[in-house]
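Annotation source TrEMBL lists Mn(2+) binding site at E:H100, E:H102, E:E107, E:H146. Per TrEMBL, oxalate binding site is recorded for E:H102, E:E107. Taken from TrEMBL, the feature disulfide bond covers E:C23-E:C38. Positions annotated as domain 'Cupin type-1' by TrEMBL: E:52-198. Under the heading signal peptide, TrEMBL lists E:1-17.
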6 protein chains.
Amino acid sequence: MFLLILFFFSLLSCSCASVQDFCVADLSLPHGPAGYPCKNPAKVTVDDFVYSALGVAGNTNNLIKTAVTTAFTAQFPGLNGLGLSLARADIAVGGVVPMHTHPGANEVIFMVKGTITAGFISSANTVYLKTLNEGDTMIFPQGLLHFAVNSGNTTALAIVSFSSPNPGLQFLNYALFANNLPSELVEKTTFLDDAQVKKLKAALGGTG
Amino acid sequence: MFLLILFFFSLLSCSCASVQDFCVADLSLPHGPAGYPCKNPAKVTVDDFVYSALGVAGNTNNLIKTAVTTAFTAQFPGLNGLGLSLARADIAVGGVVPMHTHPGANEVIFMVKGTITAGFISSANTVYLKTLNEGDTMIFPQGLLHFAVNSGNTTALAIVSFSSPNPGLQFLNYALFANNLPSELVEKTTFLDDAQVKKLKAALGGTG
Amino acid sequence: MFLLILFFFSLLSCSCASVQDFCVADLSLPHGPAGYPCKNPAKVTVDDFVYSALGVAGNTNNLIKTAVTTAFTAQFPGLNGLGLSLARADIAVGGVVPMHTHPGANEVIFMVKGTITAGFISSANTVYLKTLNEGDTMIFPQGLLHFAVNSGNTTALAIVSFSSPNPGLQFLNYALFANNLPSELVEKTTFLDDAQVKKLKAALGGTG
Amino acid sequence: MFLLILFFFSLLSCSCASVQDFCVADLSLPHGPAGYPCKNPAKVTVDDFVYSALGVAGNTNNLIKTAVTTAFTAQFPGLNGLGLSLARADIAVGGVVPMHTHPGANEVIFMVKGTITAGFISSANTVYLKTLNEGDTMIFPQGLLHFAVNSGNTTALAIVSFSSPNPGLQFLNYALFANNLPSELVEKTTFLDDAQVKKLKAALGGTG
Amino acid sequence: MFLLILFFFSLLSCSCASVQDFCVADLSLPHGPAGYPCKNPAKVTVDDFVYSALGVAGNTNNLIKTAVTTAFTAQFPGLNGLGLSLARADIAVGGVVPMHTHPGANEVIFMVKGTITAGFISSANTVYLKTLNEGDTMIFPQGLLHFAVNSGNTTALAIVSFSSPNPGLQFLNYALFANNLPSELVEKTTFLDDAQVKKLKAALGGTG
Amino acid sequence: MFLLILFFFSLLSCSCASVQDFCVADLSLPHGPAGYPCKNPAKVTVDDFVYSALGVAGNTNNLIKTAVTTAFTAQFPGLNGLGLSLARADIAVGGVVPMHTHPGANEVIFMVKGTITAGFISSANTVYLKTLNEGDTMIFPQGLLHFAVNSGNTTALAIVSFSSPNPGLQFLNYALFANNLPSELVEKTTFLDDAQVKKLKAALGGTG
C-alpha cells in the first residue's frame, strides 16, 4: 500500500500540478480577448467558486421599478473563462426592463416568481412575445433587442443565464440619450423628432 | 414616407431574410458536431423559445430523494447552437445528487430555496466543499466529479446553468455498476473489493 | 520519374481526396449552428469563390439616400464556414446609414471614396465618433449600436468586412416600428412618447 | 426624472463598467494564444478604432512592382481579439503578388480598381484561377498557396480582408531561398535543381 | 433497491438518451463547416472508435522512399468533431517527406524508431531544423512549410498527431507542378526558371 | 536583384515581424483561459519545439505497474495554444491504468507495442471495450471514464494524443479517497460501504 501511495503522489506531482481545471480571474491584471489571467491555483479556495449577491433582492425603488444584479466576471471572478454567467432581475409591479441588447452572449431566463411579458425582435424584424409565469423559461438570442414588463400583480424575480462571463449590456435609451452624441445625429439616424430627443436627453443626462 | 417604407422593405428582402439569429433544432435530422440542423426560420414561433417543464417539481419519491429535470437541446430545441442550457434539481430532505460529471460543460447552480452541501474535486485532488443556502451560487468546472446532499430540513430547489446545450451527464455509480462492464475490470481499475462491486451491480442492474 | 508520379497519385488518392479546404454552402439543405452543409467538392468551380455584385453601386434613390449590398453566405455561398463576409455601402450626399447593430460579427469599414461621419456607442455608453475620409478604416465592435451619415459633398462608398459569414443586421427603427410590437410596449420599454411611436409606426408600416 | 437618471447611473456603475466590448491591444505586454492584453478601456479613444495607413498607396518601385500594406494587430491594435484584419495591395502594371500562404486566416479580396489574374491551389491539387476586374471579390481559403499578377494596363488596387487579426504571411520564395536552410535540404524536399536553388538563394540573400 | 434502479432508469431515460458524447461521422451525408453529421448513436459500436490501419507499414518502394498513412475523418470516422487526428510516416533509408503544409492543423510527431532531420520555416522566415532520434517529439505549427529526410541508416517510423480531424495536406511540388497551372504563372509567381518548371511539370504530370 | 532583396526585406519588416505563428509558453507569467503568454519570439529556438522525455520509459516498479509521462504545456511549453498534447503510458505485465477522465480533451491512443484491454463508458452508460494490439488506435471522448489493463505478456507502450495542451487528469480513486472529503459524503454520494471507503482512504492517504 505504501508503494501505491507513493506511486500516486509521484504521478500527480509530475502531471497534475500543472493542470488548469479553472481560471479564477486575477482582476488586478489586464484582461485579454479570452478573459483575465488566472489567480494562482494554490491560492484558490472554495470561496472563489461561491457568490451570494444574487440572493439579495435589488432595490426597485426607482422610476422603472426594476433592479438588475449581475454576476459577471467582474463581480464573480470564478466565472472567468468558463463561458457562462448569471444575473437576477427584480421587477416590481408596474416595473420595466427597458429595451436592451447583450452584444456578447445568448440569454435564457427562468421565472422564479411572478408574471412578466417579455419579447425579442429578430434581424428579420419579427417580434417573439410571450407572457411568462413562475417556472417558465425563455431564450433571448445574442445581440437582439429585448425587454420585459411586469404584467402581474406581484414583484417578479427572474434568474438569468448568459453564454459568456462577459455578456455586455447596452440599454437603448442610455445609448441614445445619456451621452454626448449630438442630437442632430440621433435624429438623423433614428428618425426621432427633435423634441423627443431633447426631452429624453434632458431626462437621462445627455448633452449635445 | 411611402418611399421610405419601400426602401426598408427592399433592403431587408435582400439582406435580412438570410440572416440566422438562432437555430432551433430540427430533432428529426441527424445532429453534427456543432448541434442539430435548424428548423426552417419561417416556421419558428415564440413557443420554440419558451419552455415550461422546469417549472414543475420532479418526483423525489425515490431512494435518493432527488429529481433532476433537464432543459438540454433534446428537451428544449431552441437552445441548439446557443452555448447554454438549464436544469432544475429538487432534493428532498435527506436527498442526494450522486457523484457525477458533465463531460461537455461548465456548470453554475443558483439555490432557489433550501440548504445543500455541495462540492467538487479538482485534477489536483483538492476538495472544494461548501454549504449553500437560498440565494447562493456555486461553480462546478467542466468534467470534474461533483455532488450535493440536502443538509437542511426542507426540500431544496436549485436552478442549474450549463455552458453548452449538450453538457452530458455521467453518474459515477451508473457508469461503474449499471452495465455489463466485467466486475473483474471494475475491481482492477478502481481497487474496489469484489463484494462491494457485486453488491452495487446487483442493486443497479449491472451484469458481468 | 514514372514511379514518382505514381507515388504522388496514390498518396493523394488516399489522403487528399477527403480533405476539406473549404465548404461552399449548399443552400438547398438546412443550415446548422456552424453554417450550411457543403456542396460536393467535385462540383465546386472557381466561380463559387468569385462574386461580382459588390462591384455594382446600389440604388440610393430613396429617402435615406443609402444602399447596402451584402455578400453574406446567402448571397455568396463560398463564404460558408470561413469566418468572414463583406458588404458595400453607397451613401449619397445627405444620405444616412440608420442606427443598427450586427448581432453576430465585428465590423471594419474601408472608405473607398467620399467622407462620412460614423460612430458607435459602447456598453459603458461612451460615443466613439469620427469623420472618415477616403482611405480611412474604422472598427465597429460586435452587437453595438452604430451609424454613419454622409458629411461630404460626393457620394461615399465604403467596403465593409465582417468577422462572420452571417453577421446579422438589426435596424433600430425597423425593429421598433415596422412590425406588430404593441405601441404600449414600445413606449414602456423605450420611454418614447405615444405620438412619436405612432408617427414612426405609420411611416414604417408597423401595426399595434 | 431625477430618480430615473439616478437609477440609470447606479445601474450602469455596477454592471457596465466591467463590460468589455473590445480589447485594444497593449503592444507593450506579451501576447498570448488569443492575442494581446487589452489597453485600459478608460484610456481608449476613437482613434484606437481608426486607421489611415491603408489610404496610402504603397511604393511599387521594386522588382515585383507590388506593395502590400497590412493592418494586422501590430499595426492596428484595435483589431486585437476581433477576428478580422485588412490589408491593401497595390500592383503596378506587370506587377506580381508572389506565391504565398496565410497560415492563420481565410482571405477575401475586393478589387477597387484594375485587373488581376489570381488563383489558389487546393489540397486536392486543383487550380482555381480567375481574372478579376474592378468590383470583383474572390476567396482564398486558409493556408493554401495563392498568387496574383496584374493582367491589365493600369495599377491595380485590392482591399483584402482576413478572418483573423493575425493571419500570418509566408512567401514561398522567401521561405525557401532567403534564409540558412541548406541547399541540399531544399533540393531534396522540393526536387528543384541545385543551380536553380543557388541562383535564387543568391538573389534573395540566402546562405547554406 | 428496486426503487433505486427505477429511479436511475427513469432519470437516464429522460436526460441521457439525448446526450451526445461523440459524433461518429456518417460519411454518406454531406459534411458541414464543423464536420460530418453523426451516425445514429444507437448503431455506434466500439469498432467505430478503433482503427488498425496505422499498424501497417506503408509501401516505401517509390522514388521518395516514403509512405504516409492518414487516419483523418475520412478514414477513421470516429474522429469527427473531436479536434484531433493521426497519421504514420514510414521513411526508408534515403527517404524524404517533401516540403508541405497542413492548412488546417498544428502537428506534433513522435519518433517511434529511426533518425530524421526535420524542419519548418516560420512567417518571419526563420528555419527551425533538428535531427530527431527515437523517442523525440517535434512541433510543426499550422500552415507553415515543413519537411523531413531520413538521416539515419534504418527505416524511420513517426506517429503524427494533428489538432484537427481534417488537417489538410498540400505538397508544394504537387501544388506547383502537377496540375494545369500555366507555366508562365508558376514562373512569374515563384521566380523559378522556365526550364526548371517544365522539367518538374513533365515529371509530375502537370500541363500548361 | 538588389532591389528585389530590398523589397522583400522592407516588406517583411513591416508585415511579418509582427506575425505570431506560434506561442511558446512563458511559464513564469500567469496563464489565462487560452493558455500562457508567449515567450518573446526572438528568443525562441528549435529546442522550444523539440521534447525528448517521451522517449524514456517510465518507472513501472509500483503497485499498479504503470507509468504515465505527460507532455502537456507545463512540460513542453511549445505546445501552448496549439490545441494538442501528448503522453506515453508504459504498462508492465499485470499493470493497470486506473479509471480516470480528462476533463479538457478528447484522447486517441496508438499502441506502439504490447496488448491492452481498454474501455470507456458513455453518458448513456454503454461500455465500449476492446483488446488492442500493436498498431491499433482507439478514441476516448472528452470527460468520460476510461481505463486500460495490460492483457498481454509483455510491457505495453502507448503513445497518447490529446485535443488540448491542457487536458486535465482526474483519477477516480485519488479523487474519492486521497483527500479530506469526509467519508460520510463519499458514502452518501457513491453508495459505497463505509468499510470500503475507509480501507481505500487508508491506502491512499485520505483523511476525514
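Count begins at 1; order follows the chain as displayed.
Glycine too: its Cβ is placed from the backbone N, Cα and C atoms.
Location within the structure of each feature annotated in TrEMBL.
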| residue | record | DSSP (3 states) |
| --- | --- | --- |
| E:C23 | disulfide bond | coil |
| E:C38 | disulfide bond | strand |
| E:H100 | Mn(2+) binding site | strand |
| E:E107 | Mn(2+) binding site | strand |
| E:H146 | Mn(2+) binding site | strand |
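Packing around E:H100 (Mn(2+) binding site) is summarised by its Cβ count: 20 other Cβ atoms lie within 10 angstroms of its Cβ, all protein chains included. Same-chain residues with CB within 8 A of the center of the E:H100, E:H102, E:E107, E:H146 CB atoms, the Mn(2+) site residues themselves not counted, are E:T101, E:F120, E:F140, E:L144, E:L145, E:P167, E:L169. Every protein chain shown contributes to the tally, and the Cβ of E:H146 (Mn(2+) binding site) ends up with 22 other Cβ atoms within 10 Å. Neighbours of E:E107 (Mn(2+) binding site), defined as other CB atoms within 10 A of its CB across all chains, total 24. Just so you know, the Cβ of E:H102 (Mn(2+) binding site) picks up 27 other Cβ atoms within 10 Å once every protein chain is counted. Around the Cβ of E:C23 (disulfide bond), 26 further Cβ atoms fall within 10 Å across all displayed protein chains. If you draw a 10 Å sphere around the CB of E:C38 (disulfide bond), it holds 22 other CB atoms from the protein chains shown. In this set, none of the binding-site residues among E:H100, E:H102, E:E107, E:H146 has a C-beta falling under 8 Å from a C-beta of chain B.
Within the model, the domain 'Cupin type-1' (E:52-198) shows a mean pLDDT value of 97, rounded to a whole number.
When the Cα atoms are compared, E:E107 (Mn(2+) binding site) and E:C23 (disulfide bond) turn out to be 23 Å apart. In terms of DSSP helix, strand and coil, the domain 'Cupin type-1' (E:52-198) has 25 helix, 56 strand, 66 coil.
A Cα-Cα distance of 23 Å separates E:C23 (disulfide bond) from E:H102 (Mn(2+) binding site).
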